[in-house]
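**Q** As listed in TrEMBL for this protein:
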type     : residues       : note
DOMAIN   : 51-378         : domain 'Amine oxidase'
BINDING  : VAL160, GLU354 : FAD binding site
BINDING  : PHE270         : substrate binding site
TRANSMEM : 418-437        : transmembrane segment
Amino acid sequence: MAPYRDVALTKWGSRDRKFVLTTSYGMHARYFNKMKNSDLSVTCKVHLRSSEIPANSPWDAPHAEEWDLLTVKDFLNKHSWTKRASDFCKELCGIFITSEEYEASLLMFLWYVKQCGGMKRMVSAANGGQERKFHGGSQQISEKIAEKLGDSVVLTNCPVVGINQESKDFVLVKTLPGKEYKAKYIILACSPAIQQKIHFTPQLPPVRNQLMQRMPMGTVTKVHLYYRTPFWKEKGLSGTHFIVGDDEHPMFLSMDDTKPDGSFPAIVGFISADKCRKMCHMTAEERKNAITLSLEKASGCPEARKPIHYEEKNWMEEQYVGGCCTAMLPPGFLTRYGKALRTPIDRLYFAGTETSIKWSGYMNGAVEAGERAAREILCAMGKITADKIWIEEPEFQDVPALPFEDTFGEKYTPSVSGFLKFVTFTSILGAATFAFLKCPKYLRK
């Protein structure tokens, strides 16, 4: 994508003000008030803490217990001094883990940032988590696999309602239509919340039972707006917006989704967490109007109000999904239940993006988790050794993930609290020096 300008919107009293986003960070707004810019150093604190967390066992982090008992909101209240910066980070939480900052454990958020390579990579459309798409759509992957395996192997419209492991030789699976199937092993790749729809015989261990009750799915609606022309490019804009605002601005993140050949000009975006829940009672037309009005204010482009087609997908309405993009882990979850996430139960193994240790919540994580679970079964069958279970996938060399480098300012810009501590210290030191030099000599004795 060409390096067009990005804009961000914030509410200042009754006015809308736009700020150019810094190209170095890809999401930080350049403020006229440098104190506000300094306060966004809270993101550096996130990166510093996330670096301590083992991707495969966040509960073993040095500060795991402390951080798991805090919410992301607790962290922002302590380290963010301005409402603007706090609101910005709150929106980041919503787009990253599709949950509000008061819902999610700080340890979960830091773990998520760690396994996805940092906040820059997660949010960036270039060299980041929002960069790549499949030509022809990702659905063709499952379709091609199903075609190769055959209709007799891949069964659809057969929800599993029962898993019986009473036999020592096989697992009996019962489906909603009433059919039963035998297998030597089973991999459950649906989210833990959806696993509650299945009856297990014998009963699952108590910790696993409670684990499933404590992992609600995230909340998000994905939106596509199609236009006759890519008007944003014609005006030197990238189509990427980071919009911080109240309910009148439903989408925090939106970006250009035009096809590489320039066809089907489109903007794609996400409505997450509380804003998504609040808009559920609205009609699709009302949601479209609210979204396009917000985009018009953010971009200054009246054309944003006139899409020729609108598509939306609210993942909460899917009975066998329940939400997106991954499960939300509340305070206390990882340190109490985390070790049970991937632990097999007899012939039952667990996959799904929630169990991955890299790019959880993304297709990457789902594929990695599935391959790991398959290797666990191969190990149980004696076909591979235990040291072959965890294998890091080689990077796709045609489009390598380049490293992100923090600028000097991002690394060393003091936070507001750090600045105030410095001012307090220098003031006391200055006052003491003045008293020593100006007071009578007997005061020095």
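Each residue, glycine too, has its Cβ placed from N, Cα and C.
Predicted automatically and left uncurated, TrEMBL annotations should be read as such.
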**Q** Cα-Cα separation of PHE270 (substrate binding site) and GLU354 (FAD binding site), in Å?
**A** 20
**Q** Let me know the DSSP-derived helix, strand or coil state of GLU354 (FAD binding site), please.
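**A** Going by the DSSP assignment, GLU354 (FAD binding site) falls within a helical segment, counted as helix.
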**Q** Around the Cβ of VAL160 (FAD binding site), how many other Cβ atoms lie within 10 Å? Please give the count over every shown protein chain.
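**A** So the Cβ neighbour count for VAL160 (FAD binding site) comes to 18.
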**Q** Determine the mean pLDDT over the domain 'Amine oxidase' (51-378), rounding to the nearest whole number.
**A** 94
**Q** Looking only at Cβ atoms, how many others are within 10 Å of the one on PHE270 (substrate binding site)?
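**A** If we count other Cβ atoms within 10 Å of PHE270 (substrate binding site), we arrive at 22.
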**Q** Would you count the other C-beta atoms found within 10 angstroms of the C-beta of GLU354 (FAD binding site) for me?
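**A** Step by step: centre on the Cβ of GLU354 (FAD binding site), count other Cβ atoms within 10 Å, giving 23.
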